[in-house]
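Visitor: Sharing a structure here in C-alpha cells format.
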Amino acid sequence: MESMTLHPPSETANADIDVVLVTGLSGAGRGTTAKVLEDLGWYVADNLPPELITRMVDLGLAAGSRITQLAVVMDVRSRGFTGDLESVRADLATRGISPRVLFLEASDESLVRRYENNRRSHPLQGGQTLAEGIAAERALLSSIRASADLVIDTSSLPVPALRAAIERAFSSESVAHISVTVESFGFKYGLPMDADMVVDVRFLPNPHWVDELRPHTGQHPSVSHYVLSQPGADEFLDTYHRLLNLVIDGYRREGKRYMTIAVGCTGGKHRSVAITEALAASLAPDDDLSVRVLHRDLGRE
C-alpha cells in the first residue's frame, strides 16, 4: 500500500535549486529511489557527509552550475543521524531553501523477507536478531518519519510501482520521457547487441541492383524515394509506428526509459538506412520522446 502525504516547498524556497533528502528504513528502497531520481535528471549524492551537503547546495547555486535538482540519500548508520538531518535542514533554511524529506518504509514482514533473500544483516542488528535490528531502526527514525514531506510504504510495491510513485512526486514532466535510438545495420555484420526490437526490411527491393543508386546510401534523396515508394513501404511504416506506440506505452508503465530499435537489411547501406530515417522522422514529433538516429554500418562496404 502506498502512503503519500506531500507538502510543496515553502514560499521561501530558492527557485534555483530543488533539494530532496532521501531517508527511511534500511531495505525499504532507497537505492531504487536514487536510481529513479537519476533517471529523472536529479543529481544524486549517496551518503554525502552532512557537513558537505550545504557546500554541494552552494555549488548548485553558483553562477553557471548545472545542478538544479539535488537529492541526497542519508543513511541511518551515520553517527547522530537524527541530529544531522535537522542540522542540514536548518543550514539550508538560512539559504532560503526548504528541502523536502522523502521517507521510505515497509512492514517488518517485508523487510525480513528482503534481508533473508539477499542474505545480508541489518545495519543495526549487531548481535541481536534481524527483527530487533529493524525495530531499533524504526524507533530511531520515528521522529523523522513524523516530519517527512512524503512517506512511501513499499511493502507491496513492485519496482515499477515505486518508480511511478517517485515520478509522480518529483518529475517535472507530466509523462515519462523515453530516449529512443533508431539504428540501421547490415545482417551480414551481425545483430546490434543492445537492440530491444529488431525489424528486417529485406522484403523491399534492394537499390544495390539499380546501377545509378548503388553508389549512394539510404540518406540520398534518390535512394530514399526509391525505397519508400515501393509497394508496402508506407503501410509497413504506419503499422510499425502504431506497434511502437503500444510498446512505448508499455515501457513507461514498466519504468523503462531507453529503447533501441534496430532496422536491418543485407549490408546496412540502402534499405535499412532509408527506413531508419523515415521511422525516426515519424517518432520525432512526440514531445515525450528523445529520438536519435544511428547508422552502424555505413561506410563498411
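Glycine residues also receive a Cβ, built from the backbone N, Cα and C atoms like all the rest.
Per Swiss-Prot, the feature ATP binding site maps to GLY24, LEU25, SER26, GLY27, ALA28, GLY29, ARG30, GLY31; the stated evidence is sequence analysis. The GTP binding site feature in Swiss-Prot is assigned to ASP75, VAL76, ARG77, SER78; the stated evidence is sequence analysis.
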Visitor: Write out the long-range same-chain contacts of GLY29 (ATP binding site), meaning residues 6 or more apart in sequence whose Cβ is under 8 Å from its Cβ.
Guide: LEU104, ALA106, ILE152, THR154, LEU157, LEU162
Visitor: Roughly how many Å separate the Cα of ARG30 (ATP binding site) from that of ASP75 (GTP binding site), to the nearest whole number?
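Guide: Checking the Cα atoms of ARG30 (ATP binding site) and ASP75 (GTP binding site) gives a distance of 9 Å.
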Visitor: In DSSP terms, helix, strand or coil for GLY31 (ATP binding site)?
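Guide: It is helical.
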Visitor: Distance between GLY24 (ATP binding site) and ASP75 (GTP binding site) at the Cα atoms, whole Å?
Guide: 8
Visitor: Note down the number of other Cβ atoms within 10 Å of the Cβ of ALA28 (ATP binding site), including every protein chain shown.
Guide: 25
Visitor: Cα distance, ASP75 (GTP binding site) to ALA28 (ATP binding site), nearest Å?
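Guide: Given the Cα positions, ALA28 (ATP binding site) is 12 Å from ASP75 (GTP binding site).
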Visitor: Take the Cβ of LEU25 (ATP binding site) and count every other Cβ within 10 Å, whichever protein chain it belongs to.
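Guide: Summing over all protein chains shown, LEU25 (ATP binding site) has 24 other Cβ atoms within 10 Å.
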Visitor: What is the Cβ neighbour count of ASP75 (GTP binding site) at a 10 Å cut-off, with all protein chains included?
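Guide: Step by step: centre on the Cβ of ASP75 (GTP binding site), count other Cβ atoms within 10 Å, giving 15.
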Visitor: Reported as an integer number of Å, what is the Cα distance between GLY27 (ATP binding site) and ASP75 (GTP binding site)?
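Guide: Cα to Cα, GLY27 (ATP binding site) and ASP75 (GTP binding site) are separated by 11 Å.
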Visitor: An 8 Å radius from the center of the GLY24, LEU25, SER26, GLY27, ALA28, GLY29, ARG30, GLY31 Cβ atoms defines the neighbourhood of the ATP site; name the other residues of that chain inside it, in order.
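Guide: Those within range, site residues removed, are LEU104, GLU105, ALA106, THR154.
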Visitor: Taking GLY24, GLY27, GLY31 as the binding-site residues to compare, which has the smallest set of other Cβ atoms within 10 Å?
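Guide: Comparing Cβ neighbour counts within 10 Å for the binding-site residues GLY24, GLY27, GLY31 gives GLY31.
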Visitor: Rounded to the nearest Å, what's the C-alpha distance separating LEU25 (ATP binding site) and ASP75 (GTP binding site)? Just drop the number here, would you?
Guide: 9
